[in-house]
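> A single structure is presented below for examination.
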Amino acid sequence: MIMKKLICAMLAGIMLASAFSGCSPSDTAGGESSESGGVVTVNFWSAPQKVQYNFWTAKAKAFNETETKVNGKTINVKVQEMPESPSSEAGIQNAIVTGTVPAASENISRSFAATLASSGAVYDLQDEQWFKDAVAAKKMENIIAGWAIDSKQYVLPEYVNPMTWQWNAKALRALGFSKVPQTVDDLDAVLKAFVSNKSKMSEIGVTHTLYRTSLARNDQWWERWYDFQSPYMALSQKTTWVENGKLTLDRQGAIDTFELLGKFGNTIQTNEVTDAWTAENPPILLSVSSPWDIQTLRAAGKTYGMDGDYVFGPSLVKKAGDTPYNFADSKGIVLYKNSKISDEQHQGAVAFLKWVYSSENCTQSDVDWLKATTMIPVRGDISTNSAFADQLKQYPELKDLVEFSKYSIPCMASDKMTDIQTALTESGLSVYIQEVLKQEPLHAPDASKAVDSAFSAMKAAGNLS
Amino acid sequence: MAERTNSKKHYRDNFTGWLLNIPYLAYTAVFFLIPLVWAVWLSTMDWNLMSPDRTFVGIRNFTGMFANPKIIAAFFNSFRYLAPIVVLCFLFGLLLALLISNLPDRIKGVTAVLFFIPYLTSGVATSVVIRFFFSYNSAFNHFLRERFDKDISWFQNPTSAFWIIIAIIVWKMSGYYALFLLSAIESIEPEVNEAAAIDGCVGFRRLVYITLPMILPTITTVIVLASGLAFGIYTEPYLLTGGGPNNATTTWLLEIYNTSFTNFRSGEGAAMAIANAVQIFVTIQLFTFVMNKLNRKFGV
């Protein structure tokens, strides 16, 4: 009988252990402190992209070889890709809640940083000497103000993708244009030529003008950065969206932006096209630019430039001479504040970033970044610093993007950004686009009603005045 | 004396039973009971999980749902999904089961497994293939444009988007439910069918008067499981439509995900999850009640 009880107890124990075997935390927050070995392990999360992970792993390896010490203990930086599912932001949220957040991570937008800052989950870097040194080393003195959140700095800017327009150069040439459109009038001329040369366009496979599936999807709020904010910044000449709890969006600028998209009428392609830019004959005239696809396009044999297959153009401005501001698809690095991250781990993360962006290593780090990712590092001297010249010569695409990046504006610093952009989509742009899709090109419907409706919805969604 | 021995035996049997149930009870407590209590608590808070500050808002997260058109759409969409999913999964499952049951024994097992494979396929993979199939430059759409001059935006039309999602789920689940029904059909004694045949009850009549009544308990299981399925749709609308157009394909899970992990309103997300659970509970109870009535009336 005792034996039976013993077997039952063992079985129960084994079942219990099996059921909970997956519950032990895979890692501790920030890293691990090993007193005996005198080593402090510091966790750093890279974006869930192989190229970025490789870059940071290489930097961590080089840093670890310096055997930098904090409080007599050697810092060992360990790089991991941040969780991608369901989203990197949700992965960070989960890590903060469960106490497994790293000491530092990249891939943080200004807006998400605002959410983290309002939650007290990240350090204010403004008064840190190493941060000031990094800003100076990257010549970002004029750029950094655009990254402020409530007059404080929480993010060390890392890269910027200026979001502008990507044109089918072959189609532009076939329509008789030798220069990429710069103004709204230029766009009108291209659309006019497109309408009167539809059969000629069909011959080279171009069936639509603007390729933009997200205009038909209410859930993709983040796409408003690219198809609304970017042209809006140029058409309103950099009028902000939200500031100090107030909706500062310029009504006329918003109407102009809606109507700019409205000009494309029923030639907007809102259906998915699987190989829009890599097809032998791209079926579209333009799309929002995708700088991260440069390597893919090269691999597909596409050449860049007005005499090639595709070309990046600036944000369209109202009149020649206006500044072509655009949206900066940009991310940066933050240091997490959490009770599970020890002071030594925090200091270790600071030491690592200080080393990567020190005056000696900063330029090389940014050159390495550009080579690894073909995304433009945020710095004030990229077009004049000879260290980047080879890379920009090799990639004329990047050279143009670097020019556009001078006018790039990061996303709004509001923890209500998703609500605000969702409201703009659902109450304004989406409703308007349904009307647009019934119209011929160059007959943009009046957008004032849709814009007013979007303004009310955005104020309500973001508790804005 | 005998009473005391019986009592001891009863205690021993109970002890062993409880001992062996400890893993399940612990598992239930950790993964169901504690999260449920925590979700109820969270639903009364205005909190993004990250901030040390949280505000008690009572039932505001629940009352706020009535003013949210997406939640209202998710509520009604659950029933819109429910009806075709239950009916089609049952009908296709039954059809497959009947076809397989009439196959020779040596290929029966393999065929059943073949129809079960869609159930094992990842929803993400299926959705990607479907997205490609209905993309503008797919062979299918090329064919429609060239032959019929039809240029259809499949995912921008509420009706077609809705039915594509239904089709994916029915394709995926029918083979799974067919296994349940097949096993029930196979368990009907051959003598019963032979006796029915002697009385002239064959073909469709045999299906209606013999097979269906005899497998009614399994049909109940299939219908209850399929109705629960309608409340758990997430991957397909997330990847194909984002819940649109005009909230026509949105679901509870999609809205819970967006509220909790995109907008970081975890308290509201928890309230929505509880409302969803209540809807599932009431609906499943209703289905079980109706099916039990049917079982009592027509079951064998």
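The chain as shown is numbered from 1 upward.
Glycine is treated like the rest: Cβ placed from N, Cα and C.
Any TrEMBL annotation is an automated prediction that lacks curation.
Quick paste from TrEMBL:
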- B:75-291: domain 'ABC transmembrane type-1' (DOMAIN)
- B:21-41: transmembrane segment (TRANSMEM)
- B:81-100: transmembrane segment (TRANSMEM)
- B:112-134: transmembrane segment (TRANSMEM)
- B:161-182: transmembrane segment (TRANSMEM)
- B:214-234: transmembrane segment (TRANSMEM)
- B:270-290: transmembrane segment (TRANSMEM)
> What stretch of B:81-100, B:161-182, B:214-234, B:270-290 shows the most Cβ pairs under 8 Å to the transmembrane segment (B:112-134)?
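The stretch with the most close Cβ contacts to the transmembrane segment (B:112-134) is B:161-182.
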> So, taking each listed stretch (B:21-41, B:81-100, B:161-182, B:270-290) in turn and counting its Cβ pairs to the transmembrane segment (B:214-234) that are under 8 angstroms, which one gives the highest count?
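Stretch with the highest Cβ contact count: B:81-100.
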> Could you tell me what the rest of the chain brings near the transmembrane segment (B:21-41), counting residues at least six beyond its ends with Cβ under 8 Å?
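Result: 270, 273-274.
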